[in-house]
Amino acid sequence: MESELKDLNSNSNPPSSKEDRPLLKSESDLAAAIEELDKKFAPYARTDLYGTMGLGPFPMTENIKLAVALVTLVPLRFLLSMSILLLYYLICRVFTLFSAPYRGPEEEEDEGGVVFQEDYAHMEGWKRTVIVRSGRFLSRVLLFVFGFYWIHESCPDRDSDMDSNPKTTSTEINQKGEAATEEPERPGAIVSNHVSYLDILYHMSASFPSFVAKRSVGKLPLVGLISKCLGCVYVQREAKSPDFKGVSGTVNERVREAHSNKSAPTIMLFPEGTTTNGDYLLTFKTGAFLAGTPVLPVILKYPYERFSVAWDTISGARHILFLLCQVVNHLEVIRLPVYYPSQEEKDDPKLYASNVRKLMATEGNLILSELGLSDKRIYHATLNGNLSQTRDFHQKEE
């Protein structure tokens with residue numbers, strides 16, 4: 001797809017005659033084209049002060065603020081964040097030093113043959129307690145360093161859900177009219193909307209769950225060991241053998257394990273499959289819902305005035321730079337009650353996913369969108385083409 005998009009956006013063999021060359025669009029035409037794209041691909045469009053792809057233009061006052069932050073906040077925050085990362089890596093290294101990693105029964109096929117999932121999340125005892133508690137604490141400290149000094153968390157009144165969905169409560173009335181409390185079912189997964197890589201830090205600080213990650217993450221310096229302590233599910237999307245179970249199969253097993261085994265790590269899933277600008281909720285993939293177990297919906301919102309921390313069209317380097325430059329960042333969290341599926345939802349994962357998605361959109365005041373990752377890639381490729389035309393236009397004017 002990427003090669004096709006490149007063919008659409010550029011010509012490898014430009015015409016030799018000047019008359020045959022396509023005229024460059026005026027700057028106003030390009031601005032109108034980008035505005036039209038933003039409307040079509042609204043879930044991925046940036047609406048903050050930093051503009052499309054974070055490229056501005058910036059007001060003079062903003063340039064001054066960025067210049068001051070570059071020589072004050074950025075170096076300090078960078079050093080502190082790297083120190084925290086290194087400290088937690090050392091904690092994980094020390095407390096897993098004489099422990100063999102857990103090798104799950106699930107297998108995946110890659111170029112090197114059959115490989116096993118490996119993690120330290122199945123450890124028990126005081127060593128595991130130290131890893132989890134220090135991980136949660138340092139994740140919150142890291143968010144503080146990034147400017148998230150306060151995180152507002154809210155839990156909608158669970159009592160309001162008792163009439164509409166009796167399964168959301170574990171308290172029943174016995175024959176004598178007394179409240180008989182039963183132990184609630186453990187959710188098989190936490191499901192959340194996906195706005196930024198910062199989502200992971202929040203969830204680590206709140207519940208320290210496992211995540212789905214590329215297999216290459218497990219081999220990264222520092223982060224690789226930390227991901228194993230989280231119990232990440234590593235996937236190799238390029239591997240497709242006859243026995244390959246795929247991402248859904250592996251996730252399904254982990255969800256069932258987390259639901260039935262209290263000592264197993266809870267798994268955290270972003271069913272949208274990609275990030276948005278935080279105002280929309282994309283179509284959910286069914287991986288978190290195939291097992292038919294209860295899920296815990298969590299909604300993350302990042303209010304902003306200048307720079308939006310949503311990771312939509314902006315590059316990773318620019319995003320981190322502007323994040324470190326912003327003095328204060330905001331995060332609001334809505335933790336919904338555990339959602340217990342009906343029998344109909346258990347039998348139909350798509351219905352289950354759709355109903356949870358609608359609930360999250362209603363409670364989080366999010367707009368439903370049917371776009372997906374492929375649309376985001378098209379949007380990015382088209383934006384890159386238009387912006388390259390803008391650069392050509394300015395060069396011609398000069």
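A Cβ is built for glycine as well, from the same backbone N, Cα and C atoms used for every other residue.
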(message) If you check Swiss-Prot for phosphoserine, which of Ser28, Ser308, Ser315 comes up?
(response) Ser28
(message) Can you identify, from 62-67, 194-199, 206-211, the stretch that Swiss-Prot calls motif 'HXXXXD motif'?
(response) 194-199
(message) Please report, as numbers and ranges, the same-chain residues at least 6 past the borders of the motif 'HXXXXD motif' (194-199) whose CB is under 8 Å from any CB of it.
(response) 143, 146, 148, 270, 272-278, 300-302, 309-311, 319, 323, 331
(request) Return the residues near Ser28 (phosphoserine), defined as same-chain residues 6+ apart in sequence whose C-beta is under 8 angstroms from its C-beta, sorted by sequence, else 'none'. (result) none
